[in-house]
């Protein structure tokens, strides 16, 4: 049941946020008029530094935070006028563990289904399905406090999915999870998305957003800085740094015409390449110097470079305007 | 949500509550049973045998309705205040807040959970009392109505306390400094006829006095106050506390930012 929307069809919006503002009692304005639209079937990332307003935005969508003004619609259901219908379409995986540590895994998931009005028999079937999918079935009778950190994260995903929501929101789902488990969670989320579940995630691992998401919004200081496709965003990246392992032990970085070079701490060659230059010039010059490239990788996550650039630029502009 | 789904959500909350307090039964069910047994032995048997009769009944028979009511009140209150505050503290209340369960269903579920524990403890204390005295029932409908409504009222009180509490200390202040003194001074151990006129008047502003006496009327047929006025008062308080609780839930007092 893949729900890819063709270009001709009018878009079905899983989430529509317009003019969203949040001012806390202390006077701090966490959101300064956010507009955000997420299509049905999308895999969407909301990125931003700590305190940017990501969790506040998602908290308002899930009705854990009261908004000051603006509107939020989940699959067309306005949270001001049709909150119950909006919530039925929504599954939430929060940043912090928020289940009773004393309850058993199976009870936590079936109880959540009950809150959505799902009868016990169906709740048990659904809980079994998702606990098996997430590798927690053998832990069904274990109190939640006995689970490892990664298992607790998976438990929260199973709990969020037990009522089969159309929109799944994950706030830092892989924080503190080891690489192997993170990869298996990515595979699971990709499968959910392929089967039609719209997914919105916030993450600090920009590699995660780059690997999983099709569309991205960058938020900072309560404002959306960019809201576009990942492809479009990455096309703005002008300079990439490539790390090359060579057949020689280099003591100094070779000088390459038109390219900045240096050696990293382990002696590998780093070359900065402007997008319009291409890599052929690098290889040709290295070849003429008798240096063979054995392997190559990008130095850092491309999205991370762009993200840092945007956030730094925003901070500079804010400073100037003040 | 349709009515069947809302009922499922309500039952889920109640079952979760029952599962919680039965899982920790040595903390929730056993202490009131032990305390009340001590009351029966010390006040009823040892001291009561020297007091003689009160309100036309031997002292043990006189204090049994008050002690049952006392255990119902404290257990109903304690269940909701501790459970709901723990959920707030652990943030597991968010499980409910993100769900489509209506606020009134959340409130009803917690109150019903508190009532199950309160009435369960009341039943245990009643059965224990049979080892010390012969319990007669003067007017069963009054017994049932009073105990159910009082349990609901104090479960609502516990809910408001939990909503307002910001730390664990806050959930013991009301039971320690308000509920216990009012209960002890609410005619559990004596008839207000024994008090001087002034203190009789003061006692009349204690709401627990009405509940204890309405319940005592249902069991023994004697009361210091008109039991029907007492029932009316309990109902009025239930309506007021329900409205206050729902307003708090709606505004997200202490549970939404």
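Glycine too: its Cβ is placed from the backbone N, Cα and C atoms.
Curation does not apply to TrEMBL; its annotations are automatic.
Among the features that TrEMBL reports, domain 'ABC transmembrane type-2' is placed at B:23-252.
Here the transmembrane segment (B:30-47) has long-range neighbours at 59-60, 63-64, 67, 70-71, 74-75, 121, 124-125, 128-129, 131-133, 189, meaning same-chain residues at least 6 beyond its ends whose C-beta is under 8 angstroms from one of its own. Annotation comment: TrEMBL describes B:30-47 (among others) as transmembrane segment.
The transmembrane segment feature in TrEMBL is assigned to B:59-87 (among others).
Among the features that TrEMBL reports, transmembrane segment is placed at B:107-132 (among others).
The transmembrane segment annotation in TrEMBL covers B:139-160 (among others). Remote same-chain residues near the transmembrane segment (B:139-160) are listed as 68-69, 72-74, 76-82, 84, 107, 110-115, 118-119, 122, 174, 179, 211, 214-215, 217-219, 221, 227, 230-231, 234-235, 237-238, 241-242, 244-245, 248 (criterion: CB distance under 8 Å, separation of at least six residues from the stretch ends).
Annotation comment: TrEMBL describes B:172-192 (among others) as transmembrane segment.
According to TrEMBL, the feature transmembrane segment maps to B:204-222 (among others).
Within the chain carrying the transmembrane segment (B:228-249), a Cβ under 8 angstroms from the stretch's Cβ atoms is held by residues 103-104, 106-107, 142, 145-146, 149-150, 152-153, 156-157, 159-160, 163-164, 207, 210-211, 213-214, 255, all 6 or more beyond its ends. Taken from TrEMBL, the feature transmembrane segment applies to B:228-249 (among others).
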For the transmembrane segment (B:172-192), find every same-chain residue at least 6 residues outside the stretch whose CB is under 8 Å from a CB in it, and list them.
-> 43, 54-55, 62-63, 66-67, 69-70, 73-74, 77-78, 81, 154, 157, 161, 199-200, 203-204, 206-209, 211-213, 216, 224
What parts of the chain pack near the transmembrane segment (B:204-222), using Cβ distances under 8 Å and only residues at least 6 beyond its ends?
-> 55-57, 61-62, 64-66, 68-70, 73, 135-147, 150, 153, 182-183, 185-188, 192, 229-231, 233-234, 237
